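Written below as structure tokens is the structure these notes are about.
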Amino acid sequence: MRTLWIMAVLLVGVEGSLVELGKMILQETGKNPVTSYGAYGCNCGVLGRGKPKDATDRCCYVHKCCYKKLTGCNPKKDRYSYSWKDKTIVCGENNSCLKELCECDKAVAICLRKNLDTYNKKYKNNYLKPFCKKADPC
């Protein structure tokens, strides 16, 4: 249980259904979401904000923008369900807001996988986020 709490605090975006988001990232990238993305660049994880450092960091920036576009639900609290079929994330909600929330998380997981080649260890564990340059608005 403690491991899940730590994961919830450090995950990319720190919002939404953190357990599901973490599972999606692990399934798509094969990387531990906490240790690989919990404090990556300027936008992944806690206090994430600023001009993206690379394509991987941009995935997290776009994810935060996706959450900002949601209406009628609470990305910080609402939970959704999804399945993993044939190495594909399938969002399984009838509620439109929860489906959109799931789609935001699915998109970031896929984006992180597609940009694994841009992952730069020098941006991992970036606890200097207050020094990140201001990003353009979503």
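Quick reminder: no glycine exception, Cβ is built from N, Cα and C everywhere.
Note that the structure is a prediction, hence the values are computed from the model and not measured.
Residues or ranges marked as signal peptide in Swiss-Prot (evidence: sequence analysis): 1-16. The annotation disulfide bond is assigned in Swiss-Prot to Cys42-Cys132, Cys44-Cys60, Cys59-Cys111, Cys65-Cys138, Cys66-Cys104, Cys73-Cys97, Cys91-Cys102 on the grounds of similarity to another entry. Annotation comment: Swiss-Prot describes 121-134 as region 'Important for membrane-damaging activities in eukaryotes and bacteria', evidence class similarity to another entry. The annotation site 'Important residue of the cationic membrane-docking site (MDoS)' is assigned in Swiss-Prot to Lys121, Lys124. The feature site 'Hydrophobic membrane-disruption site (MDiS)' is assigned by Swiss-Prot to Leu128, Phe131, with similarity to another entry given as support. Annotation comment: Swiss-Prot describes Lys129, Lys134 as site 'Cationic membrane-docking site (MDoS)', evidence class similarity to another entry.
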> Ranked by the number of other Cβ atoms within 10 Å of their own Cβ, which of the recorded sites Lys121, Lys124 ranks first?
Replying inline: Lys124
> Where Cys132 (disulfide bond) and Lys121 (site 'Important residue of the cationic membrane-docking site (MDoS)') are concerned, what is their Cα separation in Å, rounded?
Replying inline: 17
> Taking Cα atoms as reference points, which of the disulfide-bonded residues Cys59, Cys66, Cys73, Cys97, Cys104 is nearest to Cys138 (disulfide bond)?
Replying inline: Cys66
> To the nearest whole angstrom, what is the C-alpha distance linking Cys104 (disulfide bond) and Cys44 (disulfide bond)?
Replying inline: 14
> If one measures from the C-alpha of Lys124 (site 'Important residue of the cationic membrane-docking site (MDoS)') to the C-alpha of Cys91 (disulfide bond), what distance in angstrom results, rounded to a whole number?
Replying inline: 29
> What residue among the disulfide-bonded residues Cys44, Cys65, Cys91, Cys102 has the most other CB atoms lying within 10 A of its CB?
Replying inline: Cys44
> Just checking the recorded positions Cys59, Cys65, Cys66, Cys111, Phe131, Lys134: which sit within 10 A of Cys91 (disulfide bond), CA to CA?
Replying inline: none
> Out of Cys59, Cys60, Cys73, which of these disulfide-bonded residues is nearest Cys102 (disulfide bond) by C-alpha distance?
Replying inline: Cys73
>> Can you tell me the CA-to-CA distance separating Cys42 (disulfide bond) and Cys66 (disulfide bond), as a whole number of Å?
In response: 17
> From the Cα of Cys73 (disulfide bond) across to the Cα of Cys44 (disulfide bond), what is the distance in angstrom?
Replying inline: 22
>> Between Cys42, Cys60, Cys73, Cys132, Cys138, which of the disulfide-bonded residues has its C-beta surrounded by the fewest other C-beta atoms within 10 Å?
In response: Cys138
>> Using CB atoms and a 10 A radius, I'd like the single residue among the disulfide-bonded residues Cys97, Cys104, Cys111 with the highest neighbour count.
In response: Cys104
>> Helix, strand or coil by DSSP: which one applies to Cys65 (disulfide bond)?
In response: helix
